[in-house]
Amino acid sequence: MTSSDKSLSHDVFVYGSFQEPSVVNLILECSPVMVPAQLHGYHVYRLKGRLHACISPSENGLINGKILTGLTDSQLENLDMIEGSEYVRKTVEVVLTDTSEKKQVETYVWANKDDPNLYGEWDFEEWRRLHMDKFIEASTKFIEWKKNPDGRSREEFEKFVFDDPPTAA
């Protein structure tokens, strides 16, 4: 591997909460360039009891989202960690909204396409109005944990992305 290979950047198609600049800036610790794009052949679902969206293949599906361009390996690792094992990062083809150019990018697809918790259609504006603050709080805690785990497990922080996590009596 040459030194130039190490500096390859990543382009990632995002949908759901990662379309919100304040969320992306927090997770990536920078303000990446965001380019509007569409992903054909997928549907963006709600997840029962969760604050975030997921996508799964759907023959006639169309998702409007954004491409985060020029991400570093470290930034991609942040996305991988926050998405966790319930998502699979895969290469897809998107169409740039402004130019109709096709582009190969990576995105996060829900690993269990038959998950009974998938339903309906996730709504960005509704999420922004009702859940964004809680999601930003959870993301902040996750980034703090990544920097200093202090013996705590990732699972302790996963509960923050639930709409109404169980509480102790």
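Start at 1 and count along the chain as shown; that gives each residue its number.
Note that Cβ sites are derived from N, Cα and C of the backbone, with glycine treated the same way.
The annotation active site, proton acceptor is assigned in Swiss-Prot to Glu83. Sequence-distant neighbours of Glu83 (active site, proton acceptor) (same chain, six or more apart, CB under 8 Å from its CB) are Arg89, Tyr108, listed in sequence order.
The number of other Cβ atoms within 10 Å of the Cβ belonging to Phe18 (substrate binding site), over all protein chains shown, comes to 25. If you look up Swiss-Prot, you'll see Tyr15, Gly16, Ser17, Phe18, Gln19, Glu20 marked as substrate binding site, on the strength of similarity to another entry.
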Worksheet item: If you count other Cβ atoms within 10 Å of each one's Cβ, which of the binding-site residues Ser17, Gln19 has the most?
Response: Ser17
Worksheet item: Around the substrate site recorded as Tyr15, Gly16, Ser17, Phe18, Gln19, Glu20, what other same-chain residues have a C-beta within 8 angstroms of the site's C-beta center?
Response: Val14, Val23, Val24, His52, Ala53, Gly65, Lys66, Phe124, Trp127
Worksheet item: In this structure, which of the binding-site residues Gly16, Glu20 has the fewest other Cβ atoms within 10 Å of its Cβ?
Response: Glu20
